[in-house]
Amino acid sequence: MMSASMEGAVIASKFRGALIGALLGDCLGAPFEGDERVSKSVLQKYFDKLEGPHFKAPFKQYTDDTAMTKCVAESLIHSGGFNEEDMAKRFVEEYYRNPKRGYGANVVSIFGKLRSTDLKDVWQPAREQFSGRGSYGNGGAMRVSPIALYCHKNYQQMIDFCGKTTALTHTNTLGINGALLQCIAVHQSLEQSPNDPIDEKKFSFDLISKMSKIEEKSSPEVESKTPYIDQLKLVQKLLEKNKGSTLDDDEEVVESLGNTIAALYSVPTAVYCFLRAQSTIKDMEVDNPFRRTLQYSISLGGDTDTIASMAGAISGAYHGYGMINANVQRHCEGVEKMLDIANELMLVSET
Ligand code: F2R
Ligand code: MG
Ligand code: MG
């Protein structure tokens, strides 16, 4: 549970920070999705321009990551908790209202089945994916930040809601546990006072300890029985190696942690980006650690919208809304609506 001494205004700022962080990571990362690597100097100019005082439309549009995050938040608010039919209905309606948001190649078949069966069994279509193995994509993880907010006072409820929300589209253990790791990371950030610097070692040890309870209960179809703990240990190793060094080994980060649409090779990467960006990074003339988190996430290439969105949610939940540049927000679609959602989530989670 969040520290009792944390004031309501700080908590409200953290709620807004988490959701606006997720939104901005998605909007700003989306133009680079699929690029192998993104030059740090190109990104420096890209962010400098967006932060400049002269606003020029058009918006950076959000993608499936934000569309589904909004559905999760709105379902929790309107149902007063997790309701599988309401959540599934919102995913389907949102997809058919605006299908051109860059959804995952296979997840759309779930929306089709849910619609054609009139939501008869909301769990079945996801179970059938990939010949019954279920999706291991990061589409579950990219949308879970509202669950960490809604359940911030009840860790076990958060784990329960997160697992169920994910299983509506992703039933592979790697897809589900990736979503749990992302949700736990946002929750840990929320709990930490923005005035106390992040202790990277403690933050990652806490994640390892919580993920060990989760991984001991599940058996993924991969060689290791503890794939997320293995990745988190790599996060620790890479932080030790790169923090304070004259040059980050980004190739090693991408080769070992990954930058793909698989949850196992993107969620730990997002955690790494957040932790690494707590201190300066060479070739990034950035004082603001929230901006540095997004800029660094995108520089790694690959699934840039999703990794930046997940890292942005973790970072925004720690630093709060005040750390997020107002000019950049004006370039991103859907900020006002997301702020309303953050405020509503805050109200319902306090009751
Ligand atoms: N889809 C994209 N990006 C592609 C390019 C979009 C382009 N910019 C555009 O605008 O069109 N991005 C979004 O998808 C990712 C989340 O995907 P999600 O929701 O997990 O989808 P899905 O279909 O379940 O899985 C994605 C792919 O992973 C592979 N896969 C998953 N499970 C598998 C399994 N058990 N066996 C084999 N392969 C498996 C498949 O290739 C799936 O298609 C985010 O990046 C979001 O931004
Ligand atoms: Mg996307
Ligand atoms: Mg993506």
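From the backbone N, Cα and C atoms, a Cβ is placed for every residue, glycine too.
No curator has checked TrEMBL annotations; they are predicted automatically.
As recorded in TrEMBL:
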BINDING   THR63, ASP64, ASP65, ASP303, THR306  Mg(2+) 1 binding site
BINDING   ASP305  Mg(2+) 2 binding site
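Shown here: features listed in TrEMBL, placed on the structure.
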residue : record                : Cβ neighbours (10 Å)
THR63   : Mg(2+) 1 binding site : 22
ASP64   : Mg(2+) 1 binding site : 25
ASP65   : Mg(2+) 1 binding site : 30
ASP303  : Mg(2+) 1 binding site : 28
ASP305  : Mg(2+) 2 binding site : 26
THR306  : Mg(2+) 1 binding site : 34
Open item on the list: For a Cβ distance below 6 Å to any atom of ligand 2, name the binding-site residues from THR63, ASP64, ASP65, ASP303, ASP305 that qualify, or say none.
Closed with: THR63, ASP64, ASP65, ASP305
Task: Residues within 8 Å of the THR63, ASP64, ASP65, ASP303, THR306 Cβ centre (excluding the Mg(2+) 1 site residues themselves) - done: ASP26, GLY29, ALA30, GLU33, THR66, GLY102, ASN138, GLY139, MET142, ASP305, SER309
Open item on the list: Running a distance check here. Ligand 3 versus the binding-site residues ASP64, ASP303, ASP305, THR306: which have CB less than 6 Å from one of its atoms?
Closed with: ASP303, ASP305, THR306
- [ ] Determine, to the nearest whole angstrom, how far the Cα atom of ASP305 (Mg(2+) 2 binding site) is from the Cα atom of ASP65 (Mg(2+) 1 binding site).
- [x] 8
- [ ] Please report the DSSP secondary structure of THR306 (Mg(2+) 1 binding site), reduced to three states.
- [x] helix
